[in-house]
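Inspection log for the structure reproduced underneath, given as structure tokens.
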């Protein structure tokens with residue numbers, strides 16, 4: 001389970017720091033948010049602890065609760081929210097690829113598009129700092145997002161921090177959380193109780209509580225007693241929480257609602273299930289539309305079978321088609337190229353746990369659409385273990401452990417070494 005600890009920051013004394021930086025209230029962990037009435041401060045200018053694993057925020061500041069939208073990333077006239085970013089030179093090609101693949105899910109499923117920084121004044125500066133942490137919402141300037149090379153290179157962890165940068169709370173911090181989880185305070189040390197603080201006035205966007213959110217703590221987060229849970233789902237304690245496989249369907253829905261995204265997208269994460277075109281048994285609407293389904297099963301390989309298929313025929317299927325990719329984005333290998341007409345496609349089997357289905361609907365016409373059933377096929381021996389979590393070199397995917405800065409280590413500036421030794425934490429189970 002996610003087990004992130006307190007991580008105090010102290011001033012390094014750089015001349016570039018603003019004099020007497022205002023102390024901000026600390027929430028949710030390894031990240032920062034400064035008062036927008038001031039010039040943005042560097043991480044080195046803070047002298048405080050990070051709480052809940054990855055965020056520092058002001059008392060009443062969040063993108064969701066930001067009435068003037070100043071902490072939202074702006075939406076362009078074409079409906080796309082472009083978030084510029086730049087990588088520090090610390091990352092190798094594989095690590096950059098893992099981060100880009102984590103970003104790709106946002107770009108397919110939402111209107112968030114992470115773009116290379118050019119001249120924009122506001123952007124994400126992604127560095128291999130001490131731990132995994134992010135600012136909370138857009139703060140202005142080059143805001144740091146830390147993804148440590150040997151500890152944070154898991155898709156869900158990367159997406160978790162990116163989601164904080166978009167302005168989202170931890171799921172168990174919602175104002176209505178007591179109806180869905182029980183916090184076991186007796187197994188939380190006094191110094192860690194603040195990590196379970198509940199927001200009294202969070203804007204939950206009218207969407208239900210999400211146990212499967214990539215923003216939810218794991219069962220044993222911050223436990224002071226081995227084997228004892230600190231968060232128990234209610235009424236069913238067996239419901240899994242704390243996954244870091246990737247964005248959940250409700251994570252996607254919340255992003256799309258907060259940023260007014262016009263997206264047709266669904267995440268399917270059950271071991272088996274089905275999907276169909278919106279108008280499976282009726283005529284299509286007059287407007288063109290593109291829909292995506294991201295299928296992410298727990299293990300083995302995804303296998304898809306068409307149970308019904310009837311799309312309008314056209315030359316090279318340019319007008320209307322289904323296309324299937326072996327991965328999370330349109331740049332992944334194509335398993336089934338543009339297909340239309342009435343002949344049912346063959347069974348499609350992916351190389352791993354994830355498949356992207358694209359459906360382009362082209363105007364009006366009498367067609368019944370399609371229906372696809374999916375399930376787990378046989379294991380793929382080329383994969384490292386049964387799940388693909390983008391492990392760092394030298395870290396086994398099956399152990400899911402990484403060396404993270406923890407306890408009362410201090411960060412001296414953006415990249416300064418900790419003043420105490422690192423501890424070994426389990427990230428996920």
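FYI, residue positions are counted from 1 along the chain as it appears here.
Including glycine, each Cβ sits where the backbone N, Cα and C put it.
Feature annotations, courtesy of TrEMBL:
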ACT_SITE  161  active site
BINDING   160, 164, 170  Zn(2+) binding site
DISULFID  264-291  disulfide bond
DOMAIN    62-262  domain 'Peptidase M12A'
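The binding-site residues listed here are 164, 170; among them, 164 has the most other Cβ atoms within 10 Å of its own Cβ.
Of the recorded residues, residue 170 (Zn(2+) binding site) and the residue listed as 'active site' place their C-alpha atoms 10 Å from one another. Secondary structure from DSSP puts residue 291 (disulfide bond) in a beta strand. Within 10 Å of the C-beta atom of residue 291 (disulfide bond) sit 16 other C-beta atoms, taking all shown protein chains into account.
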